[in-house]
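Trainee: Take a look at this one; I'll ask things after.
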């Protein structure tokens, strides 16, 4: 009597075809749309219902056909891809809306003219772009050396109460509201200058540095801790001093992560509005003096163009959208520059 054959087919026979997810997705959209419309729901209800039907239906069919192990694996893959898609929706929506509305004034005049003497339509954001670049560069000059040196101390030297205190205060500073940083810088310069109305790019840079330094410290510290201890020990074994080991071994090895952390920090402070409202002020004219006079910047420019657009209203709104597009482009360029620098200075491994 011959033994009984296998109850199920082979792995190949039980594997769902490549078009399975596509057909299931189309079917889920059709059924979900019909069900949501039948219940009186709108577009959001259609998307949510179709998504639920797709996840439950595709994973259920996969478990029934391919078996429990492969079916659960497919379910996990579907959930991860679905979560990624959901996370991308807000990002894509924001970028699409900003580009769509920002192209209205994306012309040469917007980048070469300020709002000085402009009433109604016309003008540009040259003064705000210049102010943003100046304030951001000064913020980086102040924050990056302090942040990197502080992280080097915490990783390479700090072992006592001082290191624990610095770590604690860095964690506290990371979570402080941006308006508090603005108030701190405002009070500091009022005390120094004895002028409550003092506004300048320097004061704005100091306020932004309070927000940027802890981010640089924390990101650089994590990157330095990833440098293998064997590299340091090999350098010490050759008789190299500790500071030379840090400069020639540790920092070049971690340069990619350090640049990335600095870029993230700059991207965070570039769009801050509240601290600059209290410290840098706003002006319709171009000011390149960081130490005296109100200095415009893109976040404030967007804020004032939306809240006080003038007449006609649409002209101010168009300028605000274009300024938002320029701000996004600046952040993107910073990220591209960081990747380029990290690739150039990454350690050469033979």
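Think of each number as a place in line: the chain as shown, counted from 1.
Cβ atoms are placed via backbone N, Cα and C, with glycine included.
All annotation found in TrEMBL is predicted automatically rather than curated by experts.
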Trainee: For the transmembrane segment entry in TrEMBL, name the matching range from 224-245, 246-267, 268-289.
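Mentor: In TrEMBL, the transmembrane segment feature sits at 246-267.
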Trainee: Which range wins on Cβ pairs under 8 Å with the transmembrane segment (110-129): 167-189, 246-267, 320-342?
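Mentor: Looking only at 167-189, 246-267, 320-342, the most contacts with the transmembrane segment (110-129) come from 320-342.
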